[in-house]
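Record features, source Swiss-Prot:
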- 14-17, 39-40, 51-53, 174-176, 332, 344-345, 362, 364: FAD binding site (BINDING)
- 253, 261, 332, 362: D-serine binding site (BINDING)
- 261, 332, 362: D-proline binding site (BINDING)
- 332, 362: D-dopa binding site (BINDING)
- 112-121: compositional bias 'Pro residues' (COMPBIAS)
- 109-138: region 'Disordered' (REGION)
């Protein structure tokens, strides 16, 4: 006889992974379970609210395990958009995706623009013919903050605002709940999910098994002079600011709201304790504005573009580049999901669905979680004698 599914699930982290886990727990066919979610500041207040929201079917195909996760998640995004009215609720839409080489210096172009280049992009912005990277069948987008909040709201989860101090573990090695700063006692749980992005490693139960590092990424959001002229074309740019300088790889995502999101300028850096204190670095923000102006006169501040946001966030990274999804070795009922790097919004749904199956059914069916198990790091530490 199989064990009964847990009745009390506490999710730590109100980003896309935590929200999707809450949704799939609550909508589980056989054992629907509405969880409690603990979030330090507000749902989607960190990377899940400041990411680009780009979705790709097959861009992870070079890594088989990640390919299966990404393809399952891309399909789930379409299903969720149908179920939750994603087009209106959080800007879900298929997009065209292009690779564009920006010239280092302004160039007057007498030749007609390349037919692949959308009309809102200046003809002089492309130093070579653009390449098609994705079609509306293989690439799409969401507004990540709105998506995260919509999925969380649909789950019906109780949201507790507070900082998770530690995971409480019973004498028999089974999870007992979480301790929240400033809250008396333990928030009882039969199962705990740690989905705290780059902050996951601050908890001892995680840091004893593996490390999570941060990658600081900058972004700006602009409202162009004529937003109605901006078409759903996502641009992956290559740009060398000066001869001999490092090649930059910024990205441009127009949104259905008429806003345009531009990101790039990343560096390895661990996040501060409080997500609410994160700010962008002036030089990185200035470079993104420079790049935006090279792409389109519609995106130049001096020509009427409105600055909606200048911001930064931290992406969670692991030593081997793969996410960590599964039960933490030695702590029965304590699960972790982090390390998705720049693919967190894409892979959030399949991660949440797989965790819900693992917690309620005892095994994930939507995708094989073995390659993502935190136990893989125990083997490596053992080989190193750690």
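Note that Cβ sites are derived from N, Cα and C of the backbone, with glycine treated the same way.
Annotated features taken from Swiss-Prot, shown on the structure.
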{"residue": "14", "record": "FAD binding site", "DSSP (3 states)": "coil"}
{"residue": "51", "record": "FAD binding site", "DSSP (3 states)": "coil"}
{"residue": "174", "record": "FAD binding site", "DSSP (3 states)": "strand"}
{"residue": "253", "record": "D-serine binding site", "DSSP (3 states)": "strand"}
{"residue": "261", "record": "D-serine binding site", "DSSP (3 states)": "strand"}
{"residue": "332", "record": "FAD binding site", "DSSP (3 states)": "strand"}
{"residue": "362", "record": "FAD binding site", "DSSP (3 states)": "coil"}
Inter-residue Cα distance where the pair is residue 261 (D-serine binding site) and residue 362 (FAD binding site), in Å: 40
Protein Cβ atoms within 10 Å of residue 14 (FAD binding site), excluding its own: 30
Pairwise Cα distance maximum in Å, D-serine-binding residues per record: 253, 261, 332, 362: 42
For D-proline: widest Cα to Cα gap among 261, 332, 362 in Å: 42
From 14, 17, 51, 174, 332: binding-site residues whose CA lies within 10 A of residue 261 (D-serine binding site): 51
Residue 253 (D-serine binding site) and residue 174 (FAD binding site), Cα-Cα, nearest whole angstrom: 44
Cα distance (Å, whole number) from residue 253 (D-serine binding site) to residue 14 (FAD binding site): 24
